[in-house]
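For reference, the structure is listed below as structure tokens.
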Ligand code: GDP
């Protein structure tokens, strides 16, 4: 697998985030609710350290409701602040603002004890590409698209986006890189479009997805395949892929069929599906 580019980028992202950490009151990590572990950065907990840390399980509209609830419970039991979100369709950010203030409570209490009223909380969104950081920032900022300039000595070189609440957002989200040592993680990320497709062959990713669906979402796979339950059950996966390719009138172009399957999966056309479950 082509992973040579990973350490340099990872290191840069880490250094950039570490540089900004002292300016921030709360770190908001955005993950894809369909792959909550694979879409996390392996070093994020080390980097964030003791800072209040929120995890947003985003794209909840596309994820399996049962699985998201299990992930939510698991992450909460690990001591994280967690919020399920559909940033694409949901404009009500009140629950997120509330959680940010809860996470920053210690800081707010401290500032209020010094006489500040309604002190400003500064946050940064971080996450791997395509998990929805920009969408969430736009939702939080709403119509208040005002960039707050530098405050000399305090926020050197940084711009902050205002919101309707006493929360300001670092204007550029922190882009983090996922872990790659496990090939299944790479397949999950590729399946949902979070890493460049060119890293993998589409048919390898499609076969990986089909295997997972066969085991966990059999009915969805049967429906999508346009084949019988028996065929889906009995055909070896590469043959099943070919049979689907023919069924969809793509002759023997299984690459095209693979890309179609992945595209439909990403859009939620196979139903609300998680490619990753909480390990028992
Ligand atoms: P970023 O790279 O982390 O900044 O991700 P973006 O905010 O650019 O989002 C990537 C894609 O996911 C865009 O097409 C968004 O419209 C879409 N998206 C973001 N959040 C959600 C969500 O909660 N549900 C769905 N269905 N799509 C989302």
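Just so it is clear, glycine is given a Cβ too, placed from its N, Cα and C backbone atoms.
Heads up, TrEMBL stuff is auto-annotated, nobody curated it.
Take the GTP site that TrEMBL assigns to 58, 59, 60, 61, 130, 131, 132, 133, 134, 135: the candidate from 79, 174, 186, 249 listed for it is 174. Maximum intra-site Cα distance, GTP binding residues 58, 59, 60, 61, 130, 131, 132, 133, 134, 135, 174: 24 Å. Neighbour counts were taken as the number of other C-beta atoms within 10 angstroms of each residue's C-beta; across the binding-site residues 130, 134, the minimum falls on 134. Long-range C-beta contacts of residue 60 (GTP binding site), restricted to its own chain and to partners at least six residues apart, with a cutoff below 8 Å, comprise 33, 68, 84, 85, 86. Filtering 130, 134, 174 by Cβ distance to ligand 1 (under 6 A) retains the following binding-site residues: 130, 134.
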